[in-house]
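I have placed the structure first, in the form of structure tokens, so that the comments after it can refer back to it.
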Amino acid sequence: MRSASEWSWRLLVIVGLAAVVIYLVMVFQEIVIPLLVALLVSALLQPVVASLVRRHWPKWLAILLTLVAFAAVLGALVLLVVWQVRAGLPQLERESVAAYDRVRDLLRQPPWSVSDAQLAGYISSAGDLITKDSGQIIGGAVRVGSTTGHLLAGALIAVFATIFMLIDGGGIWRWITRLFPSSGRPAISAAGDAGWTTLSSFVRVQILVALANGVGIGLVAFFLGLPLAIPIGVVVLLASFIPVIGAIVSGIIAVVIALVFAGPVQAIIMLAGVLLVHLLEAHVMQPLLVGGAVKVHPLAVVVGVAAGTGIAGIPGALFAVPLIAVANAMVTAMLRTVHGTPPANDPGPEPVAVADPAAPLAPET
């Protein structure tokens, strides 16, 4: 009975702390989300910086070159999408007209039996809804402007936070560790080391998975002759960073585009391609790569994504799985340190060495 009561109050404390953290995240989203983005980017770029430093590059030059290369890759991706959209606009216009004619012919047939007058009325009603209440539209434009300002501010916070994490992430973590009593610092240090290792592995593996999804489905769209095949691949790539939900939504978008612009046969082929790519990801790439990086049950992943979406929308869905994985690794490492339990035979990826001057967030051991 005593043991049960002790675990009960500990569980209540954990739930209470989690509720406080969730509340603070919701209140300070404009600060927390850029910091989380910076943490993910730092986890991705830190091994590159560390590799250059080991080759006797000055640390400032290694960080500068890595950030410039990262920005160049992102810029090239954006330019590629813009170029593809501009080049495909004439074909997109022609195929949009043809798709409209096919949909109209389909609606004319039973069981829909929609006349041209009814269809014109539906289109007119939709136009009225779009142009209705100009005051609300102006207000929405103002809100969009405000949101744009917040996005720019968040981007600046993310950039500066990434730079400082790459420069002195180890010092930042040591400062955080010193906030705790000396008796608890070994456990905090071990937890941070395990969390950073898990986060670094997750980011690198998730990029490989997203690239496989984007390239695979993009190639299917290209061979089917669909317009904007490259943007479709980019959308799938970005959506793949949201586990489960992102794959479903991006797959539906690709199939709908194939149905509208190519027809039902091509849509079925696209559906088969989407299923094949995701089956390869789930049964080949995920077990080989993700299994060692994210030791979280699939049910926890689904529930975490749903909860993150409810709390913070798309950013919550994006950060849910890495946060769950990091929390799981940190708690496990902390309990092992406190209770003196030796690590398992398969400890997972090798921790980042603290002595490495380019390992920004590895805690002091």
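Heads up, the Cβ atoms here are built off N, Cα and C, so glycines get one too.
Note that the coordinates shown come from a computational prediction; the quantities given were computed from them, not determined experimentally.
Noted in TrEMBL for the protein shown:
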- 7-25: transmembrane segment (TRANSMEM)
- 31-53: transmembrane segment (TRANSMEM)
- 60-83: transmembrane segment (TRANSMEM)
- 151-176: transmembrane segment (TRANSMEM)
- 207-230: transmembrane segment (TRANSMEM)
- 236-261: transmembrane segment (TRANSMEM)
- 268-289: transmembrane segment (TRANSMEM)
- 301-326: transmembrane segment (TRANSMEM)
- 341-365: region 'Disordered' (REGION)
- 351-365: compositional bias 'Low complexity' (COMPBIAS)
Chain residues in Cβ proximity to the transmembrane segment (207-230) (below 8 Å; excluding those fewer than six residues from its ends, i.e. six or more beyond): 44, 80-81, 84-85, 88, 91-92, 95, 236-238, 240-241, 247, 250-251, 254, 257-258, 261-262, 266, 269-270, 273-274, 276-278, 280-281, 285-286, 289-290
Candidates 60-83, 151-176, 236-261, 268-289, 301-326; stretch with most C-beta pairs under 8 Å toward the transmembrane segment (31-53): 151-176
Candidate ranges 60-83, 151-176, 301-326 - greatest C-beta contact count to the transmembrane segment (236-261) (under 8 angstroms): 301-326
